[in-house]
Amino acid sequence: MSRDTLSRPEPVTPRRARRETRGPRRRASRTGARNARAAAAFVLPFFALFALCFLAPIGYALHQSLFTTERTGPLGLGGQEREVFAGLANYAQALSDDRFLTGFGRVLAFGAVQIPLMIVLATALALLLESASARAVPFFRSAFFLPYGVPGVIASILWGFLYVPGISPLVKIAGSVGWDLDFLSRGTVLWSLANIVTWQFTGYNMLVLIAQLKAVPGELYEAARIDGANAWQVARHLKIPLIRPALVLTGVFSIIGTLQLFAEPMVLRPLASSIDSGFTPNLHAYSEAFVGNNPHAAAAEAVLLALVACVLSFGFLRLVGGRTKERG
Amino acid sequence: MTSNAMHRRTVLGGAAALAAGFTLAGCGDGDDGQAPEERKKGQKISLTFWSWVPGIDKPVDLWNRTHPDVQVKVEKVSAVNGQQYAKMHAAIKAGNPPDLGQIEFPVVPSFLLDNGLLDLAPLGAGRHKGKFSGWQWQQSVFGKSVYAIPQASGPMGLFLRQDLFDKWDVPVPRTWDEYETAAEAVRKKGAWIETFAPTNGNRFSGLAWQAGAKWYATHGDTWIVHLDDEPTRRVADYWESLVRRKLVKTIPDRQNAWYKDLQTGAIPAWVGASWGDALLVGNAPGTKGKWRAAPLPQWKAGEQAFANWGGSTTAVFAKARYPKDALDFAVWLNTDPESIALLIDGGYGFPSAKKGYTTTDLDVDKDFFGGQAYSKIFADAGAHVDTSWRWGPGVDTLYQRLGDAFTDALADGSSFRSVLTKVQGQTLADLKGKGLKVESGG
């Protein structure tokens, strides 16, 4: 709008000019106010919900994590209960808990293996489905995506049946050729969980990547082909660099998802003695809250978990962001 | 995508990460200060009851038919890994617990810690004391307060596949030494006598109880905890030896793989409790007629030391809207002869009530046990349970600690004794952390 007015300069008398400059400006400020009001009306519900469902619980968790319960009364039973300020004692306790820290180490190892594997797999599937011209593409796309539609708990139960000895056909088949498979031992159970997560989320990440591939203008491919690039070269030098933002995005989501690992170990826990109550940090916080009945310690652990997730996600973005700049 | 958009996404991603804080912090204290009401004559009310006992619907249906004014609604809760208690504790914290709940003896004190249960003594619960077997009534009595109405106990015994024991020429073990010999013999036949489930703290405490352990005591207003005592060490050493010699499996019990092993005879025995009959019948129907029950093996030949695994109560939650009616229902459920008959049919364990049944009523699955009057075994065991055993607060945490430590011990080869030392220390810290006075027993 402003560019339009500028392009049509009109000779003006000073008086008129004064009026003109005053007029539009007043009009502009009035529309501005109206716009601001409208914008506020649109944005307010978001901020209200954001504050209610996001900021308030975080604030509450932070608050909870700084307190502890004190009991009086005979043997502490049926007496008075009081919340007293504990400072950072809950954090100190969480950080000195071996099981909680081991859980972090475990999910980090999990992520270091599972995330690259899943993203490479998702990228490969996305590239293959995008370059194929066969009719079955929509079918395969849905088929790969389907596991994402299965809730994590159900997926874990399903895979549980394939893991439990005595029931699992896989263990049976392997056993019949003399291979003693144990999916649920201390050493293997983490990777059995990784398999469930990979099965569930590869298709989802593939779809994100496909969406970005679709956004690439066709002329680029055409130009590449005219330049004599083969399919592999197009993928390597054109497609993968172009879907970089989507790869970064799926990477960040996966990092956060990994730290939140909960449903899968929770469901497999009764089946596998090798999964302890603090197998992942999230499971540890759950046990603290609902078995130990100690919401304050659990809140501190949840806050720590969120902090680590933030550090890792931003760290990852810094890392990949930095590389972009070098190249640019 | 611009870097700005990226940042926004990350912030939202971080939001997802904080969702962990969400679920934990989501529940408020919800102290609405509502005083319990008294039901007016003729007023129709409804009470909610959380339970997982198989067949509990039937006695409740009977109550609903005979008590049109006070309708009870059963909501089934999962008993896997103590999830029912997690749910109850969370509901108490959130201020919306049910009116009544099924709570096992060991965890009653844990609920008292968060003031979750109603003291039934002022409502006249004391009048009903005589209807129940004395020590079970005492399990939920603290000081002058009565916190729950006992429902059933679980005297322990040994279930075994008589046909396989006969075929393999293994005598039924009467002592733990004989049990070990039997385990060796069974292993030679390619099976494992049973499993030592590292995460089953319930059974382990029962075995310690039989050996004469006393994990909890009180002195003034101080809790005395003594997990690492001589009897418990003996039990730990014994099972460690079986595990290390690979004479028992270490898979979790009462799970699919275990049921499968029971069905196929890969595991021909189970140190279980009276309510185990329903589990066997339900999960290994193909082995009908082949099972028998035997007394729990003894540490010394000829002794009569028994213990209890599980056993539960019907408790009234502190926020119950009509406490008087809830108490009436709890007492009726656990003393009315018709109700007891229906509960026995459902397989709920050994009645806590003194009257209203005979041991033959309890032989519900006689055919499954080849016609054996197997409940006599458990009745005898029940009569010889060391009734001085007491539970303390935080038993659910204790079980979890034990499970974690046994799991570690199985993986890294550390001794079962070190498990006891470790969990003893952790338990002291846990109870201190809950604001209780606590000491280590000597």
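First residue shown is number 1, and so on along the chain.
Note that Cβ sites are derived from N, Cα and C of the backbone, with glycine treated the same way.
Unlike curated entries, TrEMBL annotations are predicted automatically.
Per TrEMBL, the listed range annotated as transmembrane segment is A:302-320 (candidates: A:36-54, A:302-320). If one looks beyond the transmembrane segment (A:246-263) by at least 6 residues along the same chain, the residues whose Cβ comes under 8 Å of a Cβ in the stretch are 107, 110-111, 114-115, 118-119, 122-123, 152-153, 156, 193, 197, 201, 205, 208-209, 211-212, 240, 280-283, 286, 305, 308-309, 312-313, 316-317, 320.
Contact between the transmembrane segment (A:107-128) and the transmembrane segment (A:189-211) is present: at least three CB pairs lie under 8 Å, with pairs separated by 6 or more positions in sequence. If you look at the transmembrane segment (A:140-162), the same-chain residues 6 or more away from its ends with a CB under 8 A from one of its CBs are 125, 129, 168-170, 183, 192, 195-196, 199-204, 206-207, 210, 263-264, 266-268, 271.
For the transmembrane segment (A:189-211), the list of distant contacts is 106, 109-110, 113-114, 117-119, 121-123, 125-126, 129-130, 141, 144-148, 150, 152, 155-156, 159, 163, 183, 243, 246-247, 249-250, 253-254, 257-258, 261, 264-265, 268, 272, 274-275: same-chain residues at least six beyond its ends, Cβ to Cβ under 8 Å.
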